[in-house]
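*Asks:* Structure in structure tokens, see below.
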Amino acid sequence: MKKALFVLTLFSSIGFFNPMQIFSPQLTKLMFYLCICMCALLAVTDGRSLRGIDYPRKSYWLFMLMIAVSTVSATAFHPQSYSVTLMSTLPYFLGYFFFWIMLKLALPERFILKWMFIGCLLAVPVYFINLFSFPNVVFGEEFNLDTSRGMLRVPVFFLEIMAFFLFYGINQLLLGRGRKNLWIMICGVCTLMIFMSVVRQVILYSMVLCILFLLKRSSWTKKLMVVAAGIIVVVYVLPMIPAYNTMLELSGDQLEENEEKENVRIGAWRYYTFENQTNGLTPIIGNGSPSFGNSVWGNVFDDAIEDNGYLYADVAWAGIIYLFGWTGFAALLILILKAVFKRKIPEQEYLTYWFVFIFLCGIGSGVFIYYNSIISIMIGLYLVFGTNEKNSDNNPQLQQPV
């Protein structure tokens with residue numbers, strides 16, 4: 001039962017790819033809420049005890065507390081009812097609560113990886129179907145025509161999990177595990193999908209971290225060879241790719257614009273951390289979540305976004321500060337950093353690089369804001385803190401085969 005609910009939760013976070021837009025946004029959220037709530041019910045009634053599980057309790061529960069406190073803040077300091085605030089906060093609360101649920105359910109690591117991988121496998125044909133069928137969108141929500149980066153920008157489902165399996169594949173290669181060609185192919189497909197997303201920061205962070213991961217255990221000779229190969233690729237190969245040249249030109253144009261006016265993400269950081277605070281208390285406890293289209297505050301907020309273009313989903317860390325205060329930001333930051341610096345067995349070293357990737361993406365994307373990304377991050381936290389060697393010895397269920 002709990003395995004089936006995990007699979008349903010994972011895929012409900014992306015609306016089951018929403019073929020032909022058969023699910024409305026409201027129904028998509030409702031399915032996600034139901035899956036999470038059923039998982040929570042099972043975790044409470046049939047979950048394991050967490051007494052012997054070493055996870056960052058203080059920082060995690062402090063962050064959950066700040067989500068709860070922010071609901072009071074939203075109603076006290078903004079024209080938005082408490083019931084509306086609860087509904088707008090629910091995706092955050094349930095999304096981050098999934099970490100505790102995973103700890104309680106104690107699912108086998110191998111099972112989790114299998115279904116995450118299946119999700120990525122399904123996302124590949126889904127992407128290309130949408131690419132070749134545009135302007136008809138077969139899977140997911142409708143999206144606008146955007147060729148500013150040299151090719152049609154089509155959303156890639158499970159993009160952060162693509163990066164996850166890129167690091168996982170590299171880890172398997174470094175461990176010298178069998179089926180070397182298979183791991184190379186997996187890394188190649190994940191790299192392709194990351195590039196096809198044309199999200200520049202995702203491409204940059206994942207490629208730099210991959211190189212660092214590959215070079216970590218290599219001899220100086222191999223390191224020099226990789227550096228030389230990288231220079232050749234950057235100087236001679238990439239300039240032959242039209243999409244690369246377009247993205248490079250776009251970045252150059254934006255840098256020139258930034259000399260005349262402030263970069264939109266820098267402006268968003270300033271706006272959500274300092275300028276748009278309501279009083280002296282909201283920077284500490286947060287403003288709460290505005291409900292767009294359902295409250296006076298949400299409508300005013302939406303109008304402001306249209307005027308200045310500042311989306312807190314574009315700057316996730318700043319968004320966390322605005323929503324849940326510097327206290328919530330500090331708690332989540334500690335949680336992520338502990339996932340990075342926790343000592344891991346060699347088989348889980350890839351998680352260190354993935355969480356560095358997630359941390360960096362939070363500077364200029366919405367990884368901590370969108371609930372589908374939050375679910376992926378909570379699964380990653382479970383793999384770090386819930387399935388480590390010590391806990392696995394105490395819980396043989398974690399090691400059972402799929």
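FYI, residue positions are counted from 1 along the chain as it appears here.
Quick reminder: no glycine exception, Cβ is built from N, Cα and C everywhere.
Checked TrEMBL, it gives:
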- 31-48: transmembrane segment (TRANSMEM)
- 60-78: transmembrane segment (TRANSMEM)
- 84-103: transmembrane segment (TRANSMEM)
- 115-134: transmembrane segment (TRANSMEM)
- 154-174: transmembrane segment (TRANSMEM)
- 181-196: transmembrane segment (TRANSMEM)
- 224-244: transmembrane segment (TRANSMEM)
- 315-341: transmembrane segment (TRANSMEM)
- 353-385: transmembrane segment (TRANSMEM)
*Asks:* Do any residues of this chain, six or more beyond the ends of the transmembrane segment (154-174), have a C-beta under 8 angstroms from a C-beta of it, and if so which?
*Replies:* 14, 17, 113, 116-117, 119-120, 122-123, 126-127, 130-131, 134, 139-140, 143, 180, 183-184, 186-187, 190-191, 193-194, 196-197, 199, 202, 206, 209-210, 213-214, 216-217, 346-347, 349-351, 353-354, 357-358, 361, 367, 373, 376-377, 380
*Asks:* Of the listed stretches (60-78, 84-103, 115-134, 315-341), which one yields the highest count of Cβ-Cβ distances below 8 Å with the transmembrane segment (31-48)?
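*Replies:* Maximum Cβ contact count belongs to 84-103.
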*Asks:* Could you tell me what the rest of the chain brings near the transmembrane segment (315-341), counting residues at least six beyond its ends with Cβ under 8 Å?
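*Replies:* Same-chain contacts beyond the flanks: 56, 59-60, 62-63, 66-67, 69-70, 92, 265, 268-269, 272-273, 276-277, 282-289, 351-352, 355-356, 358-359, 361-369, 380-381, 384-385.
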